[in-house]
Every structure is written in structure tokens, then in C-alpha cells.
Amino acid sequence: MGFKIRNFTGDPFAIATVSFGLIAWIVALAGAAASSQGSFPHFTWWGIAYQIVIILVITVLYLNNNIELYKFTLVGLVSIGFIYTTNSTNNLVYNSSSSGNLCCAAGCILLSILNLIWILYFGGHPESPTNQFIDSFSSNKYANEYIGRSSVLKTEPFDDQQGFNSAASKRFTSTGISLPQENVSQMSQTNTHSQQQQHSTNAANASNATSYFPLTQLHGLENSSQDMMGSAPRDLTQNTNTNSSGTKRNTLYTDSEGGTGITFRYKAKALYSYDANPDDINEISFIKDEILDVDDVDGKWWQARRANGQVGICPSNYVKLIDT
């Protein structure tokens, strides 16, 4: 998500409604300031102050690109503002003939119209015709492809021996251990053999696979990083991943499966934009309305593939299955 000006400027609905709201609020404030306070309804000042807070909150949510997460909250807040502005309009129009009061009433009428529009939009389902029509003008619909982070988030399998040798050497060198080249070659050959064996077995046997590297080939080096660095290394023998809360979550695919041998039977549409956790290489980022190929749709995390071929897992409450 993140605070970005283009999140706001790229949405014509946000620019139009917030700008309209600021103009209407200034008109109401100017009328209230010019009115005789003896005949001015004092509670209207609270309504004017409340309205500018709502406008600022909506602006900040658009700038952070998380307006979708607070739509239901905004419906309640804007509904309260709608009551304030309509009540103030009634008191200003019928209980006073002051030009300042009438100017403030005009601003409150404009704010009431704005609040009604926001209630209809934020209260509508993202798949409703009105919301779909409004969102179709947003340039953020297929923007922000997370190019800058794709190299970090994208999981690429080691399909060749040279790539595996390089990665294995870097992994053990970073812990201060010099790994002989023949051991690295032996490990890469074992990895190639395990990949071939995995593709030749059925899905049931593949799901029960518990070893990416045979422990006998590591010669006790599997715990070297923990001993020397004081932190637990990634568990290479279990198909699990540790999230930020410290609990292990089942990974929906292994490193050797990324990009090959996976059948995606369903398609899903992203209801909201999602930024992957940079500490979890298995998660993928996507944007609102993006179409994803998904499988293993049981549970809170689904296996997914983006249009650019990036494979990972996505939260199920951010996407919706669609008919193909």
C-alpha cells in the first residue's frame, strides 16, 4: 500500500469528490463566519468541523491506497455527517433570513449531496454496476505492478546445476563455512534427482514428500547457521514457512515446483490490492481487479499465479472465484 500522491491523483472519483467537498466546506464556513452568532445555530459549528475531518480522513485513505479496507466504516461516519448537514440546512433556511446563514445553508446543501454520493459508493459492493462504472475511470486499476519489488518477491526454481551451485555456495559462505566444491556438486545432483523423481510420482506421494535435500548429504551442516549466527535457519526438510507471528504456515508449493508441474483449475479476481510480506518469499503481490489463476482453494491461503508467471500464495479474503 504505502503513502503515494499518485494513488489519489490517479482516481478521478477521489479528486472530484474531495475537491467538491472542500469547496462546499469553504462556502459553509464562510457563511457561518459572516453570520450573526446570535441567530446562528451553534450546533452547526460542530457539523462543519466534523465534515472537514471526514474529508481529510477520506483523502488520507486514498493516498495510502487502503480505502477499500475502510468502506464500511466510512459509510457510518459519512452517514452521521449527512444528518448534521441536512439538519443544519433546515435550521439555517427556515429560522433565519440572514445572508450569512443562507450562504452557510448553501454550503451545507452541497455537503449533503456529497455525503449522499459517498454513502452510495462506499456502501455499494465492488461488483455492483455503479461501483464498477466509477472504478473504470481510475488509472490505478492496472497500475502499480510492483516492478521494483518483483525481483525480491518472485520465486524462481533452480532448474540448472550451475545456478544451484552458485546459490549453495553463497548460502554456506554467508555463515562463515567453506563448503568444498565436490559437496556442492553432490548436493546439486541429489536435487536434480529429487526433482525428476517428484515429477514421476503422483500427487499423493508428492504431498507427503518431506525432504528437499537428504540430510546425509549435508554432513551436519544443516545446523551450522544456527550455531554460528545465533538464529534459526530456514527448515529445508519441511514444506512449511514461518510467518512474522512466529507460527508455521503450510506452504502450498515447494521451491522445486515453482513454475512447473502445477495445474491451476480456477480463476479468481482480486477484490483489493495486496502487498506481499517482504519477509515471506512465498507470498505474491497483486492489484485490485487483477485476474489470477488459483488452485488449492481450501483454507485462508490459496496457491496463485499472476499473468506474468509469478507463482505464490495469496490471502483468500482478498480474491473472489469467477466463472471461466
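One is the number of the first residue shown, and numbering goes on along the chain from there.
Keep in mind that glycine also has a Cβ here, set from the backbone N, Cα and C atoms.
As the structure is a computational prediction, the values presented were derived from the model and not from experiment.
Listed features, source Swiss-Prot:
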TRANSMEM  13-33  transmembrane segment
TOPO_DOM  34-42  topological domain 'Extracellular'
TRANSMEM  43-63  transmembrane segment
TRANSMEM  66-86  transmembrane segment
TOPO_DOM  87-101  topological domain 'Extracellular'
TRANSMEM  102-122  transmembrane segment
COMPBIAS  185-204  compositional bias 'Low complexity'
COMPBIAS  236-254  compositional bias 'Polar residues'
The topological domain 'Extracellular' (87-101) [mean pLDDT, rounded to integer]: 85
Best-contacting stretch, by C-beta pairs under 8 Å, relative to the transmembrane segment (13-33) and drawn from 43-63, 66-86, 102-122: 102-122
Outside the topological domain 'Extracellular' (34-42), six or more residues from its ends: residues with CB under 8 Å to it: 88, 91-92, 95-96, 98-101, 103-104
DSSP helix/strand/coil residue counts for the topological domain 'Extracellular' (87-101): 11 helix, 0 strand, 4 coil
Sequence-remote partners of the topological domain 'Extracellular' (87-101) [C-beta within less than 8 Å, at least six residues beyond its ends]: 31-36, 39-41, 43-44, 47-48, 108-109, 112
